[in-house]
C-alpha cells in the first residue's frame, strides 16, 4: 500500500480516499432518506385522528436536554479528530469516549421521551401523526444507536492498533456520520419540536 | 400443525403444485449435480466468495436471464387468459397475482440486474480500472439483490403471492384488503434487493469519479460510462425514497401504524406519491444505461465517432433532473386539481426534448457512417422507430386532460411496454450479443441472432399494437376477463399470437447460446467487432487484474486512437498489482438477510430478532477484520500476459 505522507493520515492511501469519498455519497443518500421522512411527517402532522397533537405531547425540557447533549457531542468529536490530526492518541480517545457518553445520554433521554409519549396515549399506532413522528425520531435514534456501537468498535481498534491509516480513516468517517446525525437533529428540533410547540 | 398452516398457499391450483414439484426437483438436481461433479469447492472459491467485478457481472447476468423466463411465463399466462372472451384459464385471484409478480420481476429482478451486469462488466474496463472502488461491497450488493429476488420468487409457493399490483397501492395493499402474506413479501423482498442497489449506486459513482485511467477527463468518458454515472446518481437519490416507502408499508402491515390506512388519519395517496417519486426515476435508471449501450453500438457499427457527444451528456443530465419532477403523471385522475396536473404535464412533455436530442444524435451517427448490420446493430436499428412510437404515445399520455381517457387502460400498458421492450430489453439483448465474445471468448451465432431480432420485433408489434386500440376502446388493464360483446376478443387473440412469437424469440436466444457453445470458433481476437473503447483493449479472457499496465487516455475513443492514430495506450513496465481478497461474508450476510426477511414476512419474531443480531454480528466482524488484500507479483503478470498473448 502506498502511503502518501504529505496528506493527513486518514487520506494517506488510495483506499482511504475512496472510502471517504464514497461515504460522502452515502450521506447524500441519507439526506434523501430523512427528506422523505420529513416530507411524510409534514403531510401527516395534523392528521391526529382524535389523538394528541404535537403541542400536547412535546415538552421543552427533555428536547432541550437532547439537543444540548447531541450538539456538544458533535463538538467533542470534532475535537477528537483535531487531536487525531495532531497525533495525540490519548486525547483523541478521551474525546471519543466523551462523545459516545454524550450519545448515550441523548439516547437515554430519547427513550424516556418515547415512554412518556406512549403513556400519554401517543403510541405508534395512535394516528398518522404519531406514526410518522415516531418513525422519524426513531430512524434518527436508530442511527445514533448504530453510531454508538460503531464508534465504540473504532475506539477499541484505535486502542489496540494505534493510529494507522486504517483506524484514522475509520475514525474520520465515523466523525462525518456523527456530524450528519447532528445536522438531522437540528432539523428535527426546529421543524418538528419547535414548530409543533408553537 | 397450526404453526405450519401459515405457510400454506391461500389459493392453490394445479399449476402452483406443479411448479412446487418442478422447483423441488431442480433444487435436488442442482445439489446432486454439484456433489456428483465435486463442484462445491469450485462454486464456493470461484463464485460465491468472489469480489471480481467480472464474475459478479456474470452472476447478475445469470440471475437476470432466469428472471426473464420467470416473468415471461407470467406474461404468457396473462395473454393466454385474455386471448378469448370469458376465458377460465385463470381466475381473478391468480390473474392478480400474476400481473403483480410479472411487473415486479421484470422491472426489479430482470431489467435491474441486467443493467447491473453491464455496469459491472463494462464500466471498470471502459475507464481502465482494476476493479470497482469497493469490491466487497459490490459482492454484498449482488448477494442482497439475489436473496431479495429469491425471497420474492418463493412467495407463490410459500404463503401466497403478492396480488396488489407492482405499484402495490394502498389501501388495496393494506391488511384489510390483502390478507395473505403476499404483500409482506413485496415490501420486504424489494427492501432487501433495494439496499443492495443503493450500495451499487454509491460504489459506481465513486469508481467512475475517482478511478479513471490517467488522462481520462469527464468529457472523455465513453458514453456507456457516462450513462452509468448518471443512472447511479439517480439510484442514490431515488432508492432511499423507496426504502422509506417500503418501511412504512411494512410497519402498516406488521405493526399497525397508520401511514397509508383509511382510519386514524392515514393517507393512502401518500404511498402513491412516495412510490412514484422513486418509481419514475427508476424508469430512467433502466433506460439511461440502455441508451449508453446503444450509443456504443451505433458508433462501433457505423465505424465513426458518436455524433453530438456533449449534447448526449447534457441531455442525460437533463433527463435525470426532470425524472424527479414528473411523478404525479402516474395518477392524473386522482384529484390533485388542474393546476398541479398542468405542471406535471409540462414537465413530462419536457422530457421528450432531451430524449429527442438523443434520437437525432443516433440518427446523425448513422448518417454517412459505414453501417454494418450485425445482430447488435440490428437491435439498435429496430429500437429507433419502435421506441420513438412509444415516446410519442408517452407524450399523448402526458396530456393530463386526455389522460382521463387513457388512464388504467390497455393503452397505457401498450405504451410502457413499447418503451421498455425496444428501449431496455433490446438494448440488453444487443449488449449481451456485443459483449458475449469479451466474456466467453466466442461469438454468438449471427444468423440465429438476426432471426431472433426479427422474431422478437414481429412478435412485439403483434402483441402490443392491438392494445393501443383496445385501450382507446376502453379495455381496462388488470382485469382478468371481458365479455364477448365488448368486441375486444379478436385483437386480444392477435396479442396472444404476438406474445407466443416473442416467446419463440426468447427460446431462439437460448438455442443460440447452446449452438454457439458447441460450434462457434474459439479462434477470435480480443477485439472481434473492431470497437473503439478501452474494454476491448485487454485480452480475452480478461485477466483478473484487467490491464497489466494502466492505460493512458487522451480522447473518448482511446482504443480506436491506438489502433488508427498511433496513440500509445500502455507505457512503462509491469509493476506488482494490489488486488482485494475474496470473502464469504457478503454471501453469508445475505443469507441471514434472507432469513430475516422470511421471518418478518410470517411475523416469526424470535427468528427475526436472532437474524437481526446475526446481521449486526457480521457488521461487527467486518469492523474488526484486518484485510489488506494481496499482491500479484510481476512474475505472475508476465506469465499471464505471455500466455494470453500466445493463445
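Cβ atoms here come from the backbone N, Cα and C positions, even for glycine.
All annotation found in TrEMBL is predicted automatically rather than curated by experts.
Between the listed ranges B:160-184, B:185-209, TrEMBL ties the annotation transmembrane segment to B:185-209. If you look at the transmembrane segment (B:419-436), the same-chain residues 6 or more away from its ends with a CB under 8 A from one of its CBs are 61, 64, 106, 111, 114-115, 118, 121-122, 286-287, 289-291, 293-294, 296-297, 300, 374-377, 379-380, 382-383, 386-387, 390-391, 394, 442-444, 449, 452, 456, 460, 464, 509, 516, 529, 535. Sequence-distant neighbours of the transmembrane segment (B:587-616) (same chain, 6+ residues past either end, Cβ-Cβ under 8 Å): 6-7, 48-49, 139-140, 143-144, 146-148, 150-151, 159, 181, 184-185, 188-189, 191-192, 250, 254. Looking only at the domain 'Cytochrome oxidase subunit I profile' (B:38-554), the predicted model's pLDDT averages out at 95.
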